[in-house]
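To start, the structure under review is shown below, and the notes come after it.
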Amino acid sequence: MSEVANRVLKNSRYLYFSMGLSMFVSLYSTRLILNALGSSDFGIFCIIGGAIGMLGFLNAAMSTTTQRFINYAEGEGKPEKQKSIFTVSISIHFLLSLLMVIIFEIAYFFFFDGILNIPSDRIPSAKWIYQLMLLSTVLTIQTVPYNAIINAHENMRYLSIIGVFQTLMKLVIALIVVHVYTDKLILYGILTTFVSLIFMIILQIYCHRNYSECTYSIHKYHNKELMKEMTSFAGWGFINSSSSMFAQYGMGIVLNSFFGTILSAAQGVANQISGQLMVFSRTMLMAINPIIGKKAGSNDITNMMRISLFSSKMSFLIIAFFAFPFIIETPYILQLWLKNVPEWSVCFFRFEITRNMLDQLTITLTSAINAEGRIKYYSILRGCSYFLPLPISLFLFHLGFSPYWFYIIWIFTWNGIGSLIILYYAHKNCGMQYADFFKIIIYPILLITISTLSISGIITVYMDESFLRLVIILCTTTIIFIISCCWGFVFSPKERKIILSASMSLLKEIKVKLHL
């Protein structure tokens, strides 16, 4: 466990540097883009981008599959099998791209014939964005096998460099869009697609030069049995991913149909901020998921579950540390960030970040279930829980309920029922004990959540909204987390010892490099 902690901290330091820069630059870029496009055009981009992203479930399913098989083969110590996995993965992703183009070109006629609620004078621009986002998604699909290889080698340094490059390119795009006088929406789509192309080329060149398993040969490495195994695994993962994606975009369509593009803009703003905060958690998961896969490959299930439970707790704590002040001070932060805050943005953000925080409680248990491999019934039940919010929300909106109700339903079904399904299969397939889940994760998280929100809430009662109050709440959250994590109830003595040992090893390595 201590060795794993050392590797996670070592890998995470690169990713956190990239993440820190990415978060602040992306938030600033979003502000520039929102002001340049306006709420309506920004809403159009969000709803069209969501339409293309809706079938990104195909990409998500194959990404999980490729990552799982490469990590598993790494754990088994079979380099030749990795070459076969890479070849099969490239072939599958090429076919997947063709399938996506066909599906979306057929769907094109339906989206712009009554499904999307877009002002008539912006429909031509929206059609351009649709085609550009489709091309961008196809290019992104081609990078999945290469990302999987880099992750399997735990080369987080290179991933952080790529992340910085993408972030700076987004800022350049935002600055260009602000200062031109053509159709800003179309220009934004063109430049975004161009960045996807450059990113794909850079990844491919790097991987082929540095990793021997990146050898594509249908005649030498194509394996029918492996393709069957990977497509079968991806098929069950497809149910899970497609249900998730359809549900997320379906809710956007429902909001757009009942309340128009302004609500789409509000949801887009909420997703942008929530997404940036989630980067803190995703950074750690990028470092931990390859380790979980390799533990499964070496049949070390006990340590796999120990790492998974600890990582879920860490994932929640990381996002909560940054999210709690945001939740309390959402109106003030949005006013600082945006010149024009779309209606419902404050409410939507608070619900969205709450939903994402609840996801963290079982996030690496999902990774463990996927790594173990038996996902058929898990995927079916999880997919059903994803779809539940759609019909319920449609019914409520027809009765005249407010927009925020779709988040309430979403949290109850997606997080509540979905988490019960995850816990059941983590217990059944991976041997997790329910008592361990409550002892390691729920109990300490409940205590730190109640104490942080209660004390911060008292501060908001006695102080007016201001920058000083924001700073005091940030300091209060930091103090509570430090006390709880270092001397309190969040970590067991063994966990604190592991974290301290890994931190000291990392500091020692940094000092050696600085001395050199």
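For all residues, glycine too, the Cβ spot is worked out from N, Cα and C.
Database features (TrEMBL):
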- 12-30: transmembrane segment (TRANSMEM)
- 42-64: transmembrane segment (TRANSMEM)
- 85-108: transmembrane segment (TRANSMEM)
- 128-146: transmembrane segment (TRANSMEM)
- 158-180: transmembrane segment (TRANSMEM)
- 186-207: transmembrane segment (TRANSMEM)
- 314-334: transmembrane segment (TRANSMEM)
- 404-425: transmembrane segment (TRANSMEM)
- 437-461: transmembrane segment (TRANSMEM)
- 467-491: transmembrane segment (TRANSMEM)
Tertiary contacts of the transmembrane segment (404-425) (same chain, 6+ residues out, Cβ under 8 Å): 247, 251, 254-255, 344, 347-348, 351-352, 354-355, 358-359, 361-362, 365-366, 369, 377-378, 381-382, 385-386, 388-389, 392-393, 396-397, 432, 434, 437
Highest-contact recorded stretch vs the transmembrane segment (437-461), from 85-108, 128-146, 158-180, 186-207, 467-491, CB pairs under 8 Å: 467-491
Contact call for the transmembrane segment (314-334) against the transmembrane segment (186-207), three or more Cβ pairs under 8 Å: no
